[in-house]
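> Got these off TrEMBL a minute ago, pasting:
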type	residues	note
TRANSMEM	B:21-40	transmembrane segment
TRANSMEM	B:75-93	transmembrane segment
TRANSMEM	B:114-139	transmembrane segment
TRANSMEM	B:151-172	transmembrane segment
TRANSMEM	B:184-202	transmembrane segment
TRANSMEM	B:251-271	transmembrane segment
Amino acid sequence: MTLAIETERLTKRFGSVTAIDDLSLSVPSGTVYGYLGPNGAGKSTTIDILLDLVRPSDGTARVFGYDTQASPVAAREQIGVLLDGFKPYPAITGREHVELAATARGVSTDPATVLARVGLEHAVDQPAGEYSKGMTKRLGLAMALVGDPDLLILDEPSTGLDPHGIVTMRELIRTEVDRGATVFFSSHLLDQVEAVADRVAIINDGSLLVEDSVESLKSELEDGTTVKIRIEDPASDQLPELQANIDPLETVNSVRIEGRTLIARCRSQAATATVVSAVEESQAAIDTYEVEQPSLEDIFKTHTDGDE
Amino acid sequence: MKNEIHIFLFEIRRHLRSRRTVVGACVLVLFYLFWISHSLRIRTFEQGTMTTMTYFVARSLYEGRVILTLARDPLLLLFVVCTPLLFGATTVAGHRDTGALRLLQSLPYSRWTVFVGLVAARVAMISAIVCLLMMGALLETWRQGVPFSPVHFAGYTAVLLAVTTTLVVIGAAISTRATSRRRAYTSSLLFGLLILFVYGPLQAFRPEAILLTPRAVYYALVAGIDINWATTFQEQPSQYRLDSVYHYTEVAVLSLCAWLLCAMAAGLYSYRSIDITTS
């Protein structure tokens with residue numbers, strides 16, 4: 001398996017503050033990799049190190065095998081990047097920004113076509129200083145797409161975008177992955193990450209907390225799946241009795257009653273079947289039945305103690 | 001080299017479209033042209049005398065008057081020293097402040113390429129300002145009917161270009177260590193004042209080391225334009241008038257080259273090692 005990004009014991013200290021602490025990360029090529037963490041967790045610093053904007057205090061980082069310190073230009077040739085807080089040159093037009101990226105990459109491209117991909121076809125020759133926040137973000141994305149890079153790094157790509165822009169961004173990510181590119185992106189909008197990411201890593205205080213596929217993380221989450229069973233015309237003692245029967249089950253973490261509804265938090269999706277069976281065995285009539293999967297937000301909160 | 005030229009051209013285009021740069025350059029040129037015009041008008045030297053140049057011996061004083069007036073003018077000296085330093089001071093710090101440096105350095109350009117390209121663009125801009133100023137001075141001299149030597153004018157323009165280029169590079173080197181635009185300006189201004197004021201004590205106590213200072217180098221290079229000007233810049237009566245330190249044009253050139261190379265090397269080394277974060 002080819003690794004698009006590989007970091008080994010990466011550490012970065014800014015004076016007495018440790019932004020990245022002993023971070024080892026492997027991003028397989030051809031995947032959409034979500035990089036999550038609370039504010040100040042070290043996400044942008046990791047990206048800065050991959051781009052050689054920031055020098056690590058210790059450890060190494062490689063992009064498609066190129067050491068970002070020893071061969072920064074070769075590494076950056078593989079990368080198209082949208083930086084967090086991307087700021088263009090105010091007096092330079094969108095077309096010229098794209099041309100700058102194309103010249104740097106040594107490729108010839110039609111700036112109008114690239115800008116049209118991100119929905120900026122109407123502002124090709126407009127100075128970037130006149131762009132709105134969302135348009136600026138799209139311009140940054142257009143520059144990142146120039147030359148079809150093998151690795152697309154997007155730092156908080158959804159910030160400042162309207163819903164339409166977010167949909168465009170998601171479609172672009174999918175298009176790029178279909179082309180064979182790897183997409184590494186950080187975001188606070190967990191539903192966005194969940195919608196496109198194959199794998200995610202969660203960091204906090206500069207340390208990697210967990211790294212796996214989204215599905216694996218969900219399945220490993222204790223209290224992961226919740227089943228809500230609404231009972232049709234229950235007898236007065238039927239629900240407490242059900243609760244007493246289900247509570248001792250090994251696969252069930254907790255069970256409570258809300259009105260006519262029995263809510264059980266199970267350790268896995270498979271465990272919900274046990275709860276349903278228990279209800280059916282008690283001769284209770286099931287009115288409605290609903291299973292809620294854990295969200296990425298649940299995973300995130302579990303690993304970061306919700307201290308964002 | 002191709003990449004350095006790309007960055008250079010991009011920067012020039014950006015400067016030309018930047019209202020701040022264009023307005024700043026225009027104000028600077030117009031102010032100094034006004035000053036030059038004023039200086040040429042009020043100074044009426046007789047042949048063989050020059051107010052503060054007691055020890056000046058020249059065969060063609062009148063022809064040298066324009067250039068020497070410019071070269072010895074304190075306000076123009078401030079322009080020669082401080083403007084390029086301040087102009088160079090925003091090379092890295094200014095881009096870092098606006099976030100544009102992160103954009104530029106996230107592209108597949110080496111740090112060497114970006115630094116050289118940015119510095120070269122600054123040098124080109126200050127050179128354009130110097131050339132405009134000298135063309136204006138030439139026109140003004142001609143308009144006032146003051147005789148002048150084209151060779152002296154060309155020589156002085158070359159000296160100004162060499163000195164301002166070096167000082168832009170020094171400013172850029174200072175800029176790499178500054179964490180904000182304001183700090184870069186302050187550090188460069190302090191360095192400029194140091195250059196100007198260390199000259200006096202050094203001339204009094206260690207005259208043999210004076211050519212290490214950019215101000216003395218500038219005087220020596222101006223003196224090198226005409227062999228008779230060497231004693232013009234001598235503060236005290238020279239014991240060996242023909243052995244004035246300002247005769248050593250080659251030493252001045254070497255000293256200037258040393259400043260340029262050291263500043264470039266220090267700037268590059270520093271720029272290679274800094275973290276390009278937003279300040």
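Glycine is treated like the rest: Cβ placed from N, Cα and C.
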> Do any residues of this chain, six or more beyond the ends of the transmembrane segment (B:184-202), have a C-beta under 8 angstroms from a C-beta of it, and if so which?
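Sequence-distant neighbours of the transmembrane segment (B:184-202): 77-78, 81-82, 85-86, 88-90, 92-94, 167, 170-171, 174-175, 177-178, 209-210, 212-216, 235.
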> Thinking of Cβ pairs under 8 Å, which stretch from B:21-40, B:114-139, B:151-172, B:251-271 has the most of them with the transmembrane segment (B:75-93)?
B:151-172
> So what's near the transmembrane segment (B:251-271) in sequence-distant terms, Cβ-Cβ under 8 Å and 6+ beyond its ends?
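92, 111-112, 114-116, 119, 162-163, 165-166, 169-170, 172-173, 175-177, 211-212, 214, 216-217, 220-221, 224.
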